[in-house]
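A.B. asks: The structure follows.
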């Protein structure tokens, strides 16, 4: 009577062991910490203000919303603040936004922590975001991230020593047809020259080339990096839908 | 052993099956156990679930009772709609949610995020029910009931939905119930027993969350949090401090303050009660006791004049915690942090034995007989007008009655209660009560706060004003020193000058008062101590006449008292004969009075201190008579709106102490002027002859006539003086709170 029970027990024990043998990274969270830790360049006492140009912009943004719904402007204003501050939001910038839209600071923190595009820790001048969602992952986004990290010698969300680059992960950016892809957020020119470009159909070799070009101050061509493709069209030209599309039968009354 | 367990399970489920199904729903209080052991593995697959579903028995069951006394209030009879809950027709007003309709029908819907006093969030999904013709289960807390809706709460779909939600909630919830302080009173625990599955399928690592520091009162174990956001909504909506928020997203979501910040609200302790899990628990109560070991005693809070309804949880001789009781008219279901956490003061600095100060200036413990003999001897040696009695902030009506009778028998009428000033107006009850009642403040549309900071003087009244301001955008004008008010208000001025400007109609706020439908003026009892108080009150009454504040259907002229004893003292006529009696006193009887200015007392005066704590007055006392605290005696207290309530003994009396009225009764016997009562009932019979309203427990006795109509006009000149703050430190206002370590921590950390 005990034999089956013992067998069952040992099997279960094995299963449990198997569980513990799994890598500790069973669930990874791409977002940064959800609380603030004071540091010399990020603390509530550090002064922060919109620049004069951006004050005008903020006024313009606020004019889009009714005066009693100023809080609606929280996301565009945070974005503006992030561009002004070199790609990330110190806690004092969030406080400044809270003051502009007249809400409690915590309401701004809630929004800033919710969206992964708001960086609450320092990023490089070029913030490279690798898409990690399923289609890109199947097409090799992990290798691309690895190549970037190896080339730059940093970990994820870490800034290179010269402050030029940082690598982060981003969820689907709607470019699955040209997977895998990375995005480069360029904070070198402040909020005026801010760009956010897609580099699609990349390979581990090509991303390194892109990074080298960026470092040299060149502008790598945006969009697909596969010379055989035109935007999101198939490699080597179209293979289907070559003729003129037929009009919908119900509309074309003569055809029916 | 395994077989034994199996047999036990089998017999249990057998016993259960024999129970009629209706029984489980007839008694919502004890069905938790019955539901708890019903596991529903057969519902794991839908075909079997459909097969299990039995044909509906004919509805011959008796009508069900609403859950927890839920009441329906139809403001407009045309708005009633009929819905069917499990086949029962119920009439509910338009705009009610499905969950509320189910409650009225007597079906308790499980929920985590829904709270009747907070806004609806609808994010826990535990309250899913089936609605006929709806393609999927609906979240009943957020779905308005529609006419003819057929709601089903007991179908396989609803049960399966709950079970699924429960499984998701438990995915990331740690299995630390044995070391969790919420264990035994945890919504998650109860509901997972009642509605959850008996196993989960989650085998990954659970997440963990960093604990937050919210101050000395609330302990956080954030890994246990299920993100119901009740605490966030409470802090934002009721407490009025926007400190808490939901940070992050998805499985990384957590509750926090983002930056290191303590929760500096006077109501922060309530998040402990509304937290459905053990994420927010009481820091002072942590690991002290299990809730099933505690004896609950329904009592009254005495730290302010609101008289919040509380339950004192004790084990043996020790008060372990204080929780609120529901009273819609007074404190709803909240209490202030002072009320909740001052209980540890009941254990410290207590007076155990009668003591006499020897010639060397040190106290020596003596027997009651000796102590009373000494007091009685001195009592007979002094002249009648040199006898003075002061009742303390925490005195109950019975002991004040006894003290007044004793002093009157000795020929003195120099007796008053702390906080009422030297010349209180006790003739007309409307002159010292919160006439519009605490719940009635919700009808007001303009508030004028004169020399009162309700946030620190009466936190529950402040919560009511805030509720009104939030709901109806009522205007609030405030006259007094700059203070932190947690709702929109206008700071009109700091003192008498502004008051006179309004009385003379020269102030812009006058138009708001004149156009208000139900204006409410709240005067702080701190003004009682002011030397120009009569002139100030006549100015307030002028404003009241101006703004039609007092009408037959609305009395908005309010006084907000500070202490639990004040209104009962005024009802009993504790009014001193002369203004400077303390200075001329040769025999001073302090019944728990610790805020008397003892520097004024003559050096040869004989001071008797009768009380429960070795506080300020003990340093000057010649004799100490130990008395019982409010948690140890039966006593009547009248709150600021004139509602009499009763405390009940929760723990035994400390040491050789006695109830206040008994000490006075014994002293009268020793002094040879026996008071004619031997029991509490007899004391109350005596009170009936003086102030019968004090005996109508839990009933608010409104004042019969308003003081505005009958009072003569004062023409006294008013000095232009700013009002002071009546309460300097919210956390320490009386002898018990001053002895409390928790309150000292709060003072140190939160009042920075």
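Quick reminder: no glycine exception, Cβ is built from N, Cα and C everywhere.
Any TrEMBL annotation is an automated prediction that lacks curation.
According to TrEMBL, the record shows the following:
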BINDING   A:131, A:136, A:172, A:176  [2Fe-2S] cluster binding site
REGION    A:218-256  region 'Disordered'
A.B. asks: Excluding A:131, A:136, A:172, A:176, please set out which residues of the same chain place their CB within 8 Å of the center of the CB atoms of the [2Fe-2S] cluster site, keeping sequence order.
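C.D. replies: After dropping the recorded site residues, what remains is A:132, A:133, A:134, A:135, A:137, A:141, A:171, A:173, A:174, A:175, A:179, A:180, A:181.
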A.B. asks: I need to check the long-range neighbours of the region 'Disordered' (A:218-256): which residues 6 or more away from its ends have a CB within less than 8 Å of a CB in the stretch?
C.D. replies: 177-178, 197-203, 206, 209-210
A.B. asks: For the binding-site residues A:131, A:172, work out the Cβ neighbour count at 10 Å and name the residue with the minimum.
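C.D. replies: Fewest other Cβ atoms within 10 Å, among the binding-site residues A:131, A:172, is found for A:172.
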A.B. asks: Could you count the residues of the region 'Disordered' (A:218-256) that DSSP puts in helix, in strand and in coil?
C.D. replies: 0 helix, 2 strand, 37 coil
A.B. asks: In DSSP terms, helix, strand or coil for residue A:172 ([2Fe-2S] cluster binding site)?
C.D. replies: coil
A.B. asks: Which is it, of A:136, A:176: the one of these binding-site residues whose Cβ has the most other Cβ atoms within 10 Å?
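C.D. replies: Top count of Cβ atoms within 10 Å goes to A:136.
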A.B. asks: Looking only at DSSP and grouping its letters into three states, which state does residue A:131 ([2Fe-2S] cluster binding site) belong to?
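C.D. replies: Going by the DSSP assignment, residue A:131 ([2Fe-2S] cluster binding site) falls within a strand, counted as strand.
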A.B. asks: DSSP secondary structure for residue A:136 ([2Fe-2S] cluster binding site), reduced to helix/strand/coil, please.
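C.D. replies: Assignment for residue A:136 ([2Fe-2S] cluster binding site) reads helix.
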